[in-house]
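These features come from Swiss-Prot:
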type	residues	note
REPEAT	52-84	repeat 'HAT 1'
REPEAT	120-152	repeat 'HAT 3'
REPEAT	187-218	repeat 'HAT 5'
REPEAT	220-255	repeat 'HAT 6'
REPEAT	257-291	repeat 'HAT 7'
REPEAT	301-333	repeat 'HAT 8'
REPEAT	335-369	repeat 'HAT 9'
REPEAT	379-415	repeat 'HAT 10'
REPEAT	450-482	repeat 'HAT 12'
REPEAT	484-518	repeat 'HAT 13'
REPEAT	520-551	repeat 'HAT 14'
COMPBIAS	554-566	compositional bias 'Acidic residues'
REGION	554-573	region 'Disordered'
REPEAT	572-610	repeat 'HAT 15'
Amino acid sequence: MESSRGPPRVKNKAPAPIQISAEQLLREAVDRQEPALQAPTQRFADLEELHEYQGRKRKEFEDYVRRNRLNMNNWMRYASWELEQKEFRRARSIFERALDVNPTSVVLWIRYIESEMRNRNINHARNLLDRAVTILPRVDKFWYKYVYMEETLGNIQGTRQVFERWMSWEPDEGAWSAYIKLEKRYNEFERARAIFQRFTIVHPEPRNWIKWARFEEEYGTSDLVREVYGMAIETLGEDFMDEKLFIAYAKFEAKLKEYERARAIYKYALDRLPRSKAMALHKAYTTFEKQFGDREGVEDVILSKRRVQYEEQLKENPRNYDVWFDFARLEETSGDPDRVRDIYERAIAQIPPSQEKRHWRRYIYLWIFYAIWEEMEAKDVDRARQIYTECLKLIPHKKFTFAKIWLLKAQFDIRQMDLQAARKTLGQAIGMCPKDKLFRGYIDLERQLFEFVRCRTLYEKQIEWNPANSQSWIKYAELERGLDDSERARAIFELGIDQPMLDMPELVWKAYIDFEEYEGEYDRVRQLYERLLQKTDHVKVWINYARFEINVPEEEEEEEEEEEEERPVSDEAKRRARAVFERAHKVFKEKEMKEERVELLNAWRAFEHTHGSPEDIKKIEEQMPRRVKKRRKLDDDRYEEYMDYVFPADDQAAASLTKILQAAHRWKQTGGQVVP
């Protein structure tokens, strides 16, 4: 009995002939592991299935959060799901319920705020951020999001107010640095200087004084930099001195070639700092003393090394245009114009091997940078003009062109006060290789010169070249509208909508309608809608037509000039809008366009809920359809189910017809006698 107790004894304790490692065991376990089950993809055939699915999911989520209210992940998953369903009010309600449970959850606040920002609900996001920083003022992430949002919206004054609220809590260094960067971005250097003063009082560490000094070095004067370093040394005292502060101070003086001042700073620091705290200071002082040699010689060595590197790369691939860009920038920093020209000339000599535009895209920028350098840096205007000319000769315009080259050449001529040459360049471009971008650039040039007659001519040529471009017609009409020539604008719109090959005709129609509505020509707008409805029965056109009728003011309202006061919709406007809805409903009913009919009824119901009486609302509600499941036979004798709409009005008409047929049948059976 005793021998059976405990683990069996190992008789042979020698190592096994085949050793198995833990890695091998793990690999075999993973290889033999069965794949995890994946949930099948759900697809919804209709709204009824979707609503059923949504109700089921909501019940599941409510069960989760009811069982474990303190688990914020359940709440956030619930709210995220509602956001995916575009149910923003439900999502807000869920977030607020979660905040009632745990108002200090940073992750929950962030999710809530980001959901509002993502959906561009700015005021909601602002209110949430205000609540968050009030409840949790020590959480920097809320403040960062707050100031980022305000600055993104262009509310700089509001951003400053948020920063000031934040600074009253004396946050860490990152917050102060963010405030300073804000003022630097908007060139408010005095404000930034005042913030640095408060910053160094709250956080007097040496690195912060160095930041202030570098700020003054970049935006202030050398005297201000010295004043900052002096204040830092005086404030820190000998107990809190740091070698980094003195190194930065000395490097600043050396940068200004004040070598004696720098040497004095090094000696002052070495005399007062212990050896254990001044190792880097000793090294910096040694390097400083070695820097009295020829600095130009050192720079030449560095430049020569990089030149050799670039030359080796270009030997491997002479058409590596990125290397040519870097090589040219290197020579530009060296300041030798002859070397720069030599590199650019060698670079532009590497013409792409094929006449495919994708091979020329990078190459063409070599010409652009070369011409700009000659004009701006070398001040050689004639050579820059020659570069533009040679580049335009080189491009195979019959196969492709680069509008940017033509436009840059024209802009160069304008900078040289040669307007005729600029016009000649752009005219030549349009004649050789017309492109929409060229037309736009030429028209913008003439518009800036207030040459509106030339603008008209260019628009006419563009439309003649490409009449299918909807934007050309719209821009042309907008030009005439800006010149207060409504008749010409109207004529252009008329020509535009008559074009059979427009790429986006709906944009031209919309612009024409908006133009007439802006001009107050409401009868013309109605005529346009009627003409458009002759071409299409799109439900959006009908809905927009009805909305237009709602917004049309009466004659008495047009005479009064009280634009600030919002007026109620008149009964006549409601009548006109209902007439449009009724016409549309009749059309869709006759053509059996059920989807469009449902969308129209939804818009009609929204209109009645906003402007109608309870009787009108009841009337439209009675017309709303219901979804039913039907079956239909396929070609292979199988049946499939589909969802269809059943309209109450159609059911009533069918019922009435059935009653008439039944009465006729009874009359026939009774031999012509009327049976009640």
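Including glycine, each Cβ sits where the backbone N, Cα and C put it.
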Report task. Could you give the residue numbers and ranges of same-chain residues that sit at least 6 residues beyond the repeat 'HAT 9' (335-369) on either side and whose C-beta is under 8 angstroms from one of its C-beta atoms? Result -> 318-319, 321-322, 324-325, 327-328, 377-378, 387-388, 390-391, 394-396, 399-400, 402, 404-405, 408
**Report entry** Beyond the flanks of the repeat 'HAT 8' (301-333) by 6 or more, those residues with Cβ under 8 Å of it
**Finding:** 339-340, 342-344, 346-347, 350, 352-353, 362-363, 365-366, 369-370, 373, 377
Requested in this report: Pull the DSSP breakdown for the repeat 'HAT 15' (572-610) and write it out as helix, strand, coil residue counts.
Outcome: 36 helix, 0 strand, 3 coil
Report summary line: Tertiary contacts of the repeat 'HAT 14' (520-551), defined by C-beta under 8 angstroms and 6+ residue spacing from its ends, are 509, 512-513, 558, 569, 573-574, 576-577, 579-581, 583-584, 587-588, 591, 593, 596, 599-600, 603-604, 607, 611
Requested in this report: For the repeat 'HAT 14' (520-551), jot down how many residues DSSP puts in helix, in strand and in coil.
Outcome: 27 helix, 0 strand, 5 coil
Requested in this report: Averaged across the repeat 'HAT 10' (379-415), what pLDDT does the model get? Just tell me the whole number, please.
Outcome: 89
